[in-house]
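What TrEMBL annotates here:
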- 24-145: domain 'Gfo/Idh/MocA-like oxidoreductase N-terminal' (DOMAIN)
- 158-281: domain 'GFO/IDH/MocA-like oxidoreductase' (DOMAIN)
Amino acid sequence: MSEKQAGIGARPETRAVGEIDEIGIGMLGYAFMGKAHSNAFRKISYMTWPPPLRPRLVAIAGRNEEAVAGAAQRYGYERWTTDWRDIVSDPAIGLFDNGGPNSLHAEPTIAAAEAGKHVVCEKPLGRSADESHAIWQRVAATGVKHLCAFNYRFVPAVRLAREMIEAGELGEIRHFRGRYLQDWGDDPTLDSWRFHADEAGSGALGDLGAHVIDLARFLVGEISTVSALMRTFLAGRQVDDAVEAAVEFEHGAVGTIECTRLALGRRNAFQWEINGSKGSLAFDMERLNELQVFRADGDRARGFKTVLVSEADHPFWDFWWPPGHIIGWGETFVHEIHHLLRAIADDGDVAPYGATFEDGYRAAEVCDAIVRSSESGTRETITYR
């Protein structure tokens with residue numbers, strides 16, 4: 001299925017404003033992800049007209065009363081609460097979006113789904129494969145739509161790469177190399193839930209490595225074995241600072257996964273390269289509008305060329321700007337939320353282009369195997385339930 005059929009490019013017939021159904025949004029979390037998701041909900045009707053559904057920002061929840069009240073006013077929510085249960089029980093809300101800490105992913109998300117609300121949950125889905133599997137199973141049993149927020153699937157250059165791979169333009173896929181490097185975790189005085197094992201589950205692995213794992217699965221296929229090392233460099237820190245892993249894919253390709261929050265000078269360097277028998281692709285999130293493409297076509301001047309992914313026939317560009325007028329990180333959430341709203345409105349599938357809770361669980365299974373391999377010093381085979 002092409003993006004024209006499944007994504008933002010699939011425009012419905014023009015309808016009068018009053019004919020577009022609303023969906024009430026309940027948001028858990030007002031900080032980093034709460035802000036990113038709320039921004040996307042606000043932009044949906046503005047940029048993707050007519051939208052599948054018109055988001056109505058009903059309520060936002062958070063633990064700090066002053067902060068969540070300020071966020072409600074800033075983001076445009078009708079009301080706020082310090083108890084997520086108020087959102088779950090609110091009949092005006094049809095979509096529950098969980099952007100809270102990892103320790104708050106399971107209970108609120110399951111409760112919302114069992115109350116009949118469609119659900120979005122930030123990654124990692126759970127703090128372990130067991131918790132992630134339980135979330136997936138409980139939510140799937142309700143029949144609501146569910147999306148795990150791996151937003152990098154919705155970068156136009158990443159989707160173009162997927163289309164090229166599916167079309168066989170790279171031939172047989174042989175190698176995947178992915179790394180996600182940031183440097184903000186180098187301060188030993190930082191005291192965030194992301195550094196608390198009971199709240200986060202893991203460190204760089206779940207925070208950054210889960211993104212690399214999901215993109216590897218999205219572009220190349222299922223990971224079958226891992227051999228890994230994990231390190232915590234800063235004294236007193238409860239979670240991992242760095243991860244290095246060698247992986248095998250079910251169809252025979254090999255790869256590496258690296259992630260750290262201590263790579264000084266690297267701000268948001270999510271970089272990957274894929275090599276096939278007919279060509280290669282490379283991408284850097286800090287230059288997210290570009291895709292590096294190499295074709296083994298015999299040309300004496302052949303080499304990697306830079307494709308500026310901003311043409312009208314590129315993924316997601318129907319509703320954006322003229323060619324060359326680039327977009328940013330925040331727009332990936334617009335694409336992601338639009339995709340979910342389309343699935344809700346049309347009773348369609350979130351998969352394969354969007355990440356479901358099953359995808360969130362499978363990424364967690366790979367993360368757990370990385371932990372086991374680092375602890376045992378042996379290669380781990382991944383078994384999916």
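Using N, Cα and C of the backbone, Cβ positions are placed for all residues, glycine too.
Summed and averaged per residue, pLDDT over the domain 'GFO/IDH/MocA-like oxidoreductase' (158-281) gives 98. With helix defined as DSSP H, G or I and strand as E or B, the domain 'GFO/IDH/MocA-like oxidoreductase' (158-281) counts 35 helix, 44 strand, 45 coil. Mapped onto DSSP classes, the domain 'Gfo/Idh/MocA-like oxidoreductase N-terminal' (24-145) shows 56 helix, 24 strand, 42 coil.
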